[in-house]
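> Next up is a structure, given as C-alpha cells.
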C-alpha cells in the first residue's frame, strides 16, 4: 500500500443488516461482509427492533475480523473507522456506533460518523466517478427523497415524502398479497407478468414541487382487495402488482425528470433499497435517454448488491468526509431521526 492510498473500515447496523467493509480510496471494495437477519423477521412481517439489536450484538465482532482478514489488512493499515450513526433504529444504530467508537479508542484511529442516506447515495461512487453537481433519487423503506449534491459532502433535500416511503408501501401491500417480508423483489417480479388494469392514483404527480405521497395509493390498493374479498371476487395478483408498481414508478420518474430539467445535474444517481427495482431502473434510464443532449446527465445505477444496507457505501461516503477533514469524536451518538438538510425552497 502506498501513502496515497486511504483505507477505511466501515460499520453499518441501522436496521436489520449487520455489515462491515474495508474500502480503499473511496472507490475500491477490498472486503464486504453482510450478515442478514431477514429470516428472523419474516414471521413477524417486518423488522422487530429488539430482535435486530440482539443479532447485531451476536455478529459484529466476528464480521469485523472477517472484513479485515478478507482485505488482508491489520489495524495498522486502517486510516479511519466509519460508522452509520443515523437515521435508523436507535438500538441497532447503537451497536454499530459502540463497536466503532471502541475500535477507534483502542487503536487511536480517527472516527467518522456517516449519515445512512448519504451512504446509500454514495454507493454510486463505488461503480463510477460522480461528476458534480449531482442529483439523486433515494428510494427505500424509510425514505423517498430527491437530493441535490453540490459536491461530495454537501447534500440538500429538494423533494421528500409527505407520508409513507415507497419501500414501506411495497412491504405493506405485500402483506395484503401474502408476500413474505421484504416484498419489493416479489412485487417487481409479479409486476412484469401483469398489466396496469386497476389504474391506481398517482398522488401529487402534477404538483409544482418534488414531494411524494404514497398513503393514498396504499389505501386504494387495500380497499380494492378488501372489496373483492367481500364480494368473493378473485383478483389477478400479477395485475395488482403491475398496477401498484405502475403508479409508484410513474410518480417517481415524472418528478425526477422535472428535477433534472430544473437543476441540470451532471450526474443522476438512483439509490436505496428500491433502486434494485427493475421497473424503476428501466423507466428512469428510458426517460433520461429522451432528454436533450445539453441537459442529459450521466446516469449511475448502483450494483444490485449495493442497493440494500451495506458497509461499503458507508466507507465510500466516509472517504469524502475524510478528505474534507470531517471527523467525529468519542461523543458521537446514535441519532435515529437524523436528516439531511432541506433546500431553502423546502423551508418556505
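Every residue number used here counts from 1 along the chain in the order it is shown.
In case you wondered, yes, glycine gets a Cβ from its N, Cα and C as well.
According to Swiss-Prot, the record shows the following:
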- 116, 120, 309: Fe cation binding site (BINDING)
- 138, 139, 140, 141, 142, 171, 184, 188, 277: substrate binding site (BINDING)
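Show me how these features fit into the shown structure, please.
The Cβ of residue 309 (Fe cation binding site) has 26 other Cβ atoms within 10 Å, all protein chains considered.
Shown in sequence order, 117, 120, 121, 144, 145, 146, 147, 271, 272 are the residues of the chain, 6+ apart in sequence, with a C-beta less than 8 angstroms from the C-beta of residue 138 (substrate binding site).
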> Given the binding-site residues 140, 142, 184, state which is nearest to residue 309 (Fe cation binding site) when distance is taken between Cα atoms.
140
> What is the Cβ neighbour count of residue 120 (Fe cation binding site) at a 10 Å cut-off, with all protein chains included?
31
> Note down the number of other Cβ atoms within 10 Å of the Cβ of residue 142 (substrate binding site), including every protein chain shown.
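Excluding its own Cβ, the number within 10 Å is 18.
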> Just the number: how many Å between the Cα atoms of residue 184 (substrate binding site) and residue 116 (Fe cation binding site)?
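Roughly 20 Å, rounded to the nearest whole number.
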> Starting from the Cβ centroid of 116, 120, 309, the recorded Fe cation site, name every other residue in that chain with its Cβ within 8 Å, sequence order please.
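What remains near the Cβ centre is 12, 14, 84, 88, 117, 119, 140, 272, 310, 313, 314.
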